[in-house]
Amino acid sequence: MNTLYLGSNSPRRMEILTQLGYRVIQLPAGIDESVKAGETPFAYVQRMAEEKNRTALTLFCETNGTMPDFPLITADTCVVSDGIILGKPRSQAEAIEFLNRLSGKQHTVLTAVCIHYRGKTSSRVQTNRVVFKPLSSEEISAYVQSGEPMDKAGAYAVQGIGGIFIQSIEGSFSGIMGLPVYETVSMLQDLGYRSPLSALKP
């Protein structure tokens, strides 16, 4: 079975890679996720993925005394509405604020992926556009009370209850979840790593 290191605690990214047939070893890497003054959402999300990768790689080398044998993947996702980055809500009140901002409008979801393998590092940002239906205060309140928004960028989960708010998606469903499958596998292959299909050959 093909093996990957995932520099993340995200159960959603873990699920995506596992469903592709990879054996995944998690190497969580905590970093400062503050936005720099004047930083664009695109630059921010790419910097986050790259910093997570460097941090996870350093921790691996310090712990094991060697470089990883398998690709190390990190990613970061941000929701952008009217040019403003909506991260993970810090309170129920902020989750309500985010959902009111997204209600009845189009927003952008950016997911950056960074992969290190055999001394080479590649990063890419994938862009998605999502349209929310108009949300009532009752819908927002009930959703926030469910607890689902509290650890999600933009205060919603496309693969969960939050999916009922979405009228349309332009882009990648897996990218909105947190790890775009097409881009990730393409990057792995460009770096010389095996396709998930290679494990299925008789």
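Glycine residues also receive a Cβ, built from the backbone N, Cα and C atoms like all the rest.
As written in Swiss-Prot, here are the features:
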SITE      Arg12  site 'Important for substrate specificity'
ACT_SITE  Asp76  active site, proton acceptor
SITE      Thr77  site 'Important for substrate specificity'
SITE      Gln159  site 'Important for substrate specificity'
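Within 10 Å of the C-beta of Gln159 (site 'Important for substrate specificity') there are 14 other C-beta atoms, taking all protein chains into account. Here the candidates are the recorded positions Arg12, Asp76, Thr77. The one whose C-alpha lies nearest to that of Gln159 (site 'Important for substrate specificity') is Arg12. Annotation for Asp76 (active site, proton acceptor): same-chain Cβ neighbours under 8 Å, separated by at least 6 residues, are Val45, Met48, Ala49, Lys52, Thr111, Ala112. Annotation for Arg12 (site 'Important for substrate specificity'): spatial neighbours Gln159, Met177, Gly178, Leu179, criterion Cβ-Cβ under 8 Å with sequence separation of six or more. With a cut-off of 8 Å between CB atoms and residues at least 6 apart in sequence, the same chain places Val45, Val109, Leu110, Thr111, Ala112, Ala153, Gly175, Ile176, Gly178 near Thr77 (site 'Important for substrate specificity'), listed in sequence order. Arg12 (site 'Important for substrate specificity') carries a helical DSSP state (H, G or I).
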